[in-house]
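One structure below.
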């Protein structure tokens, strides 16, 4: 059986759990090809074990409790054998009473030991799941939004919830029972060997056959298990997408069609489950045969040995009891192995996140950085994972402090990519980015800048609660002031809650009771109350009318003259009011400077954008 060979090698290479990393290897996320290479599978599982902090110290208590449980079963079996022997021989009352008392004590002790065994296994499993979830969430945070975005939300949710829930069945319960089974098997075979070596050899071969039979189905079950996990993962992702986008599906009349797609996926998942069950049932039949055949052969051989005078009748009962105890933990072990296939199949997806730690983004310094250096890009190039074309190529521009800088350009010119790198969401392939003289991936950028996206996330609650989530120390006066700067003090007059004070207006999930412009204004107020040195508005005034947008930007600039304001916009008239304009095209900066100076050059891209907004130039001609 593959896990047994794995654990054997694991005991030899246990030092890996304390720091040595196996070589990195790119895994197939979709799991279309089942990997039978032992070294690759071992590398995956060792990585998961390190992330889950699975060590001897963690597994030792449940292992010892399992061994104690095994000892209780053996003692009970020995007492039963001695009792039967005594009843068939001298029938001494004192000995019978002692044996019955011993059996009674073991019957009382076994449930208590089983409870302790379950508690320790559950405690170890809970700790492993907590460690794994923490490791995955930490790694997703380290990787940053620009890399996590390549994963579907539903797949991440399925992995962190159901995938990890199935992990402890293999990495805790199976490992614990495997160690117990090996120890108990060796002890029982040695005891029976002392009675009759022929019976011991036969039982040993039957036990090996019972464990070895599942090996015949490993490849098929591994492939089916991987298919089952991928089918579940995809269906869960599509279901979450459908729930989040239900209004869109309804508006396009696609709800019924998408529902049929989910039905087809659920049918595929059901078919995958049935295929696994058919294979498991075939294996279960042979396993049950070996489980019954072992004690039966032991009994037959023991009877012949007794008739030949090589064994005593009392030893027969002991052999029967011990042979049953030999196969009982083996049966439990195989059941746990097949029950853990769902978690084993999720290992590949877990490793897809854990294996690239060297490429992830890490925020090491949580102290507020110095605010005296320069902010800007110096020959920065960046390519998204899996993309053939660079999103940014040798991009260079500066962002002057205490000024307003507008970044403009056609869709796909690299504006949002530049913002993501400035926020420290990923590292550039080449070049340098500085935020007040600091590398953004080495500092906590949330302490120096606040980003307001085009479609901000508004959590449910009152406006007071929403603003307080950005700054717990903010007073009501500061909240009203932030709303005033963001032109959001009239939200309560624009909604149905006109009788409430503005701070007590209740906002629904995702701002369902707000218009697009109201959501943007509330998000800007939430950003302002954080009072960071840099404020980034990424198309976050796109839903506002021109007058409101102008009033908002003017109010912010007047109230916060020391604020470094960075605006990404398609509105040329808005950008024209900035202190500096950076024009991007095809991932590069084509021109940068004061908008009035750039407008003097009739052939500059800025001039063409101005004319395009007026309808004088075709957008396709702008490069």
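Cβ atoms are placed via backbone N, Cα and C, with glycine included.
TrEMBL does not curate its annotations; it predicts them automatically.
What TrEMBL records for 63-337 is domain 'ABC transmembrane type-1'.
Mean pLDDT for the domain 'ABC transporter' (375-611) in the predicted structure: 88. The domain 'ABC transporter' annotation in TrEMBL covers 375-611.
The transmembrane segment annotation in TrEMBL covers 58-84 (among others).
Annotation comment: TrEMBL describes 96-120 (among others) as transmembrane segment.
Annotation source TrEMBL lists transmembrane segment at 174-192 (among others).
Here the transmembrane segment (198-217) has Cβ contacts under 8 Å with residues 1-2, 4, 185, 189-190, 192, 279-280, 282-283, 286-287, 290-291, 293-295, 297-298, 301-302, 305, 319, 323, 326-327, 330-331, 333-334, 337-338 of the same chain, all six or more residues outside its ends. Under the heading transmembrane segment, TrEMBL lists 198-217 (among others).
Summarising the annotation, TrEMBL assigns transmembrane segment to 288-306 (among others).
Tertiary neighbourhood of the transmembrane segment (326-347): same-chain residues 1, 3, 31, 44-45, 48, 70, 73, 159, 162-171, 173-174, 177-178, 180-181, 184-185, 188-189, 203, 206-207, 210-211, 214, 221-222, 225-226, 228-230, 276, 280, 283, 287, 291, 294-295, selected by CB-CB distance under 8 Å and a gap of 6+ residues from either end. Residues or ranges marked as transmembrane segment by TrEMBL: 326-347 (among others).
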Long-range environment of the transmembrane segment (288-306) - Cβ separation under 8 angstroms, sequence gap at least 6 = 192, 196, 198-199, 202-203, 206-207, 209-210, 213, 312-313, 315-316, 319-320, 323-324, 326-327, 330-331
